[in-house]
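Participant: So that we are looking at the same thing, I have put the structure below in structure tokens.
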Amino acid sequence: MWSYPYTRRIEMDAIRTLNTLQTNASYLEQVKRERGDPRVQLEAMKGFLERSGLKVEDLDQLNIIHVTGTKGKGSTCAFTERILRNYGLKTGFYSSPHLVQVRERIRINGQPISKELFSKYFWQVYNRLEETKDPGHASMPAYFRFLTIMAFHVFLQEKVDLAVVEVGIGGAYDCTNIIRKPIVCGVSSLGIDHTSILGDTIEKIAWQKGGIFKPGVPAFTVLQPERPLEVLRERARESPCPLYLCPDLDAFEEDAKALQLGLAGEHQRSNATLALQLSRAWLQQQGWRGAGELKDVQPGAKLLAKRTVPLAPTFRPSSSMVQGLQDTEWLGRTQVLQHGAVTWYVDGAHTTSSVQACVRWFRHAALNEEKPVDGSEVRVLLFNATGDRDTAALLKLLLPCRFDYAVFCPNITEVSAVGNADQQNFNVTLENVLTRCLENQKKWNRLMEEKVGQDLWLSPPLQVDGVGGLLKPDPLRGPLLFVPSSERPLNSNSLVFPCISHALQWITQGRDPHFQAPATKGLHLHPVAGSGAVLLKEAAAIRVLVTGSLHLVGGVLKLLDQSLSQ
């Protein structure tokens, strides 16, 4: 058996080599260039797969459940995998992005593959692709394509009974769409995201998502707006495949007894009902008994009006299904961590609709609670967003949460990337990401300025002076605060930090037993930072919402829970 240091060193060598294949930013740019012809995407992927030693036909053995959507597809996959694991099946699960370690993307029986397995299969696939280089074509697949191919190798050689595969971007052009014969397909809630790749309307996005439908393979979707639902119906006709609309989760609940879900938030109910249908369809297709007894009822009356897609049947969930929904865990989604006086509310919402759901969850989970009787409560937003997302629209949705402070930082755990290969991104510089943070801060400040005089809870104007320009961090002198050199609003308690670690040091002020106190020697204090530090140190409760990016959430979780890095 390999020793831990040796195993970790081999794994890190694999991750560093993987990072040279481009990170997600480069993959998205590549998708943009090739999106005019989906055959370019899928033929390239097919070629890489064959060079790695597999044929597309080999993937038929994996008994795949293929899931796409704008929001909730990861949660749907997590519910589905957990339900089917309860039947004693050996499950594979491929998802993206990872939060802390890249191994999270490829799971067996719900657990990230081990360091040994990751290293074994990485070098096996990488070396085969190196040996079959073609000077006339791209010699190696990009980051996401490589991991997709590697996942297929892992699942086949580890002999899983089924594989739950989450689409990366879209559907029609996504590299997971080389799957020929899934057992069942699912489409979670649709919304606007990745517009530069998928299109700028929800109908165009629905067309992309419906691209995973396969002839004769049953497909399920949740309640959608009328126009994108019609697009999905047309895509199903073209395939052709049967498409069903999932009834509300309350159709599966009897005697006014609500099904208990392991994932918090009202929006998880639609993900759970989709997971029930996917699980039952898979079990039926594979000839399993105990897939749920059909109910002779007319569920979801609101779905029956003007319905263009037939309703999926309702059934009495088996005990394995009920328990699976309850036991589902999915890090970084509506997750609450209680650390002494600090409570962390963590959700990787990054689209308009998912941030709306996040706000509803956060207000229910945190803001409806009574204030501490023995002192004050301070509410902090920790936010970042990447890509082509409209951050002003996302931040505006967060205003009703009434934060005392807004903190912005890049998705970088530490300013130094040493020992942080899982979260390295070679496609952006520190200056690039800090500039984006400053832009987000400026948008937040403007939104707050617009609210001044409308809401009594806003802080009075602060007199800010003396600090300007983009400061460069000095690890020997402690964390530095980044503030814009001009247009500094006088009525917003907002700060920018160069990395997640420095942001958390300021937010916690030594109050979180899992995190070290901030350094003070040599600290360049912004007035907001100084006054805020006093309040944070004295507050009876600190409530922190972390949102806007799954990558930000992953960095925060890595620092708050060291076991996730083991």
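Counting starts with 1 at the first residue shown.
From the backbone N, Cα and C atoms, a Cβ is placed for every residue, glycine too.
Here's the feature list from TrEMBL:
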{"type": "BINDING", "residues": "Ser96, Glu166, His194", "note": "Mg(2+) binding site"}
{"type": "BINDING", "residues": "Arg333, Asp347", "note": "ATP binding site"}
Participant: To the nearest whole angstrom, what is the C-alpha distance linking Arg333 (ATP binding site) and Ser96 (Mg(2+) binding site)?
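Facilitator: Roughly 13 Å, rounded to the nearest whole number.
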Participant: Fill in the CA-CA distance, Asp347 (ATP binding site) to Glu166 (Mg(2+) binding site), as an integer in Å.
Facilitator: 19
Participant: Using a 10 angstroms cut-off on Cβ to Cβ distances, just flag whichever of Ser96, Arg333 is the loneliest among these binding-site residues.
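Facilitator: Ser96, out of the binding-site residues Ser96, Arg333, has the fewest neighbouring Cβ atoms within 10 Å.
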Participant: Out of Glu166, Asp347, which of the binding-site residues has the smallest number of neighbouring Cβ atoms within 10 Å?
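Facilitator: Across Glu166, Asp347, these binding-site residues, the one with fewest Cβ atoms within 10 Å is Glu166.
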